[in-house]
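Feature list (source: TrEMBL):
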DOMAIN    25-430  domain 'Major facilitator superfamily (MFS) profile'
TRANSMEM  21-38  transmembrane segment
TRANSMEM  50-70  transmembrane segment
TRANSMEM  91-110  transmembrane segment
TRANSMEM  116-140  transmembrane segment
TRANSMEM  152-173  transmembrane segment
TRANSMEM  185-205  transmembrane segment
TRANSMEM  249-271  transmembrane segment
TRANSMEM  283-304  transmembrane segment
TRANSMEM  316-333  transmembrane segment
TRANSMEM  339-360  transmembrane segment
TRANSMEM  372-394  transmembrane segment
TRANSMEM  406-429  transmembrane segment
Amino acid sequence: MNGIDGGAPDQVLERRILRKVGWRILPILLLGFLISFIDRANVGVLYGPLTHSLGLTASSFGLAAGLFYIGYLVFEIPSNLAMAKYGARVWLARILVTWGFVTVALAAAQGVTSFYILRILLGVAEAGFYPGALFFLTLWYPPRALGRAYSLFEISIPASLAIGSLLTSSLLLLDGVWGIAGWKWVFILEGLPAIALGLYIFFVLPDNPDKATWLTAEETCYLNSQLLTRHESAKSELGKVAVIFQSGLAWIFAALYFSFVIGFWAVTYFLPKIVQERFHVGVVQAGAISAIPWIVAVLAIIVVSRTSAKTRDRRWHMLVLLGLAGIGLLMSAAVASPILALIGIAMGAAGMQAATPLFWTMPSTVFRGAMAAVALAMVNSLGNLSGLAGPWILGFFSDVTGSSRVGLYIMSGFFFVSAILAFAVSTAVTRRRDVIGSPSLEQPIGSY
């Protein structure tokens, strides 16, 4: 076939393969993403009930929300190495089942200390799913299709936050049923789907194209010839993990990711509280209103993924999107109108979320093979330390000033810095022609 001997890809065959992968693999990962973000971020909607029942202040709530990332950071890279050793089917299933049980266990929290511990354990349990799933996509999608796959993957994050806001606020209406508090019902009923999906993955999801019974021999051969990552090369490169930590570019990617997701996590966990402050509504209504910015973010990802692919531009898109996010949070902090404040937060959510899939194409093109799995884990875990810093900063200034405005000003500043840094890093990646990982899999960086 042309795609195997180095000529033009067999477009008909490739479309057929990607259609199968799109139906058999991607929906499972999308559902896992949706559940993961609901389970880690549902505490935002529960701000009122948790502060009342467990005695949390705004800053201690922000710390509790962020402690998730301590466990997440420590176990992220080991989790991805274990996935390379045991296979994606087994390890992704383990991750889902474990975090599902921990989410259910959060319903048993009796005070601040137990809540802190369980949030850390949730991070430990969930560590590895996000970069592991991104790496898993490189086992199924050719390089030219990864950007679109990442965009579809990324849509599940704001979608989960929108759905989670509506679902969590609705579940609070169960307060008092069978003598169980509403916030406890939330943790119980939102933890069970992760366990169910984990069991499904264990029995259904194939580790790689060679084990997919729904691909023909011709389709498997073609797909393996086009992939960015060869699954059989992963174990041979595990001994080169130190290469990632010696790579200055990996640390730059982590710093860039930190600079723009710090605002995302701060807003994610405090959005319902901000809505209550500005709109003077109850917990259930605040949860429903909080879904609006994430719905806007879903639409932004869809539009930007198309314009970026059509124009083959990444640098200017990221500069504009992250700059727009900074302007949005600045406006939200400065205006008195609750409607305008919500529009500002929607701008922030849309800009940040639409920029994220563009960001992930950069480390995925520089690092290859098992190096890609480790690099994605490192960038994701170090960058997500912002999930500890952002909520705490917003909570601290909320306690000190009695308002979220100062915290939002700080987060808007991070977005402006990230816009400039993203433009510079994207330019450097465009000019870089070498890769870290399997040299036989080297692909041109492209014109992004």
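Glycine too: its Cβ is placed from the backbone N, Cα and C atoms.
Within its own chain, the transmembrane segment (372-394) has Cβ neighbours under 8 Å at 59, 61-63, 65-70, 72-73, 76-77, 79-81, 83-84, 127-128, 130-132, 134-135, 138, 228-229, 234, 241, 244-245, 247, 250-251, 253-259, 261-267, 269-270, 360, 363-364, 366, 404, 407-408, 410-411, 436-437, counting only residues six or more beyond its boundaries. Among residues of the same chain six or more beyond the transmembrane segment (283-304), those with a C-beta under 8 A of the stretch's C-beta atoms are 44-45, 47-49, 151, 154-155, 158-159, 161-163, 165-166, 168-170, 172-173, 267, 271-273, 275-276, 317, 321, 342, 345-346, 348-355, 357-358. For the transmembrane segment (21-38), the partner stretch with the highest count of Cβ pairs under 8 angstroms, out of 50-70, 91-110, 152-173, 185-205, 339-360, is 152-173.
Using the rule of three or more Cβ pairs under 8 Å, pairs at least 6 apart in sequence, the transmembrane segment (91-110) is in contact with the transmembrane segment (185-205). Taking Cβ pairs closer than 8 Å, the transmembrane segment (116-140) reaches residues 21, 25, 29, 32-33, 36, 39-40, 43, 63-65, 67-76, 78-80, 82-83, 88, 91-92, 95-96, 98-99, 101-103, 105-106, 109, 146, 149-150, 153, 208-209, 223, 227-229, 231, 360, 364, 372-373, 376-377, 379-381 in its own chain, all 6 or more past its ends. A Cβ distance under 8 Å defines the sequence-distant neighbours of the transmembrane segment (50-70), meaning residues of its chain 6+ beyond its ends; these are 40, 43-44, 109-112, 115-116, 119-120, 122-123, 126, 181, 183, 265, 269-270, 273, 384-396, 398-399.
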